[in-house]
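Participant: Can you keep this structure in mind? I'll have questions shortly.
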């Protein structure tokens, strides 16, 4: 089912100032897309289908200058045409000319549309509201796994049941790292990044065999939990005996973990009795950071071998 967001929810979340709040017949319309449209051709009367229906419209300094240029009558006609398209709300930035407020509010009331004033530039409004809208509308996939933040890197730990994902997460928390979610992770993708969070019912909880449910927030404090974080890579725990001929010994393979149509960088860790999984996950985080900084161990070895000849 498609997620819905109504204007009233956005107004409440950001405590937005509604300029025509005293007009009782304003409709609580549904926002259909995660974007704020500035309008270009539309202001001059050229519309492509109903491209702005269900889209938040934002106006700033450039729009008020355009209205000034075309004159009050044409400006009024243009504003009327915009509101007739059933936009959910209009956001005016601090740079928009207040001389047009009365005209806009009069037309907005006629079409039962809320007009919002946000004390920021339109680019700032696009960033603040836009990020929230992207997160709200982003597709979410539930994954069986555990999400932790290690040295600031979001690591999704996956693998068969019984390999010690939760135990490793608990040990990482005891070492000072951060839990985001255990057992189930809601993964979303927006921009070019992946993010994970806990389902509400399991938030801040770890289930460890023999101990039961542990409330990490109560036991280890606020520093040990986060509501959400970016997923930088996946660590897949694999039974050594069942997969010993398939492991990448040199770490030179490019591995990916697939979640739906998404592919996230992956590191495989073989699990054997007596190995500290938490320490290996810490090492994988350090290796990942090292690679991001351009350090390539295999290239270094090749260079050494050439210099040794």
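Using the three backbone atoms N, Cα and C, a Cβ is placed for every residue, glycine included.
Residues or ranges marked as active site by Swiss-Prot: 144, 165, 249. Residues or ranges marked as active site, proton acceptor in Swiss-Prot (evidence: similarity to another entry): 183. Residues or ranges marked as ATP binding site in Swiss-Prot (evidence: similarity to another entry): 159, 160, 161, 162, 163, 164, 165, 166. For 166, 207, the entry in Swiss-Prot reads Mg(2+) binding site. The region 'Important for the catalytic mechanism of dephosphorylation' annotation in Swiss-Prot covers 270-275 and is backed by similarity to another entry.
Please situate the listed features within the shown structure.
Facilitator: Take the CB of residue 144 (active site) and look out to 10 A: across all protein chains shown you find 12 other CB atoms.
Annotation note: residue 165 (active site) sits in a helical segment as assigned by DSSP. Sequence-distant neighbours of residue 165 (active site): residues of the same chain at least 6 apart with a C-beta under 8 Å from its C-beta are 145, 146, 157, 158, 159, 182, 237.
Cβ-based neighbour count (10 Å, all protein chains) for residue 183 (active site, proton acceptor) stands at 17.
Long-range neighbours of residue 162 (ATP binding site) (same chain, six or more residues apart, CB within less than 8 Å of its CB): none.
Shown in sequence order, 166, 182, 183, 213, 214 are the residues of the chain, 6+ apart in sequence, with a C-beta less than 8 angstroms from the C-beta of residue 207 (Mg(2+) binding site).
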Participant: I need the neighbours of the ATP site defined by 159, 160, 161, 162, 163, 164, 165, 166. Which other residues of that chain put their C-beta within 8 angstroms of the C-beta centroid, in sequence order?
Facilitator: 237
Participant: If you measure C-alpha to C-alpha, which of 160, 163, 164 (binding-site residues) come within 10 angstroms of residue 144 (active site)?
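Facilitator: The binding-site residues close to residue 144 (active site) (Cα within 10 Å), listed in sequence order, are 160.
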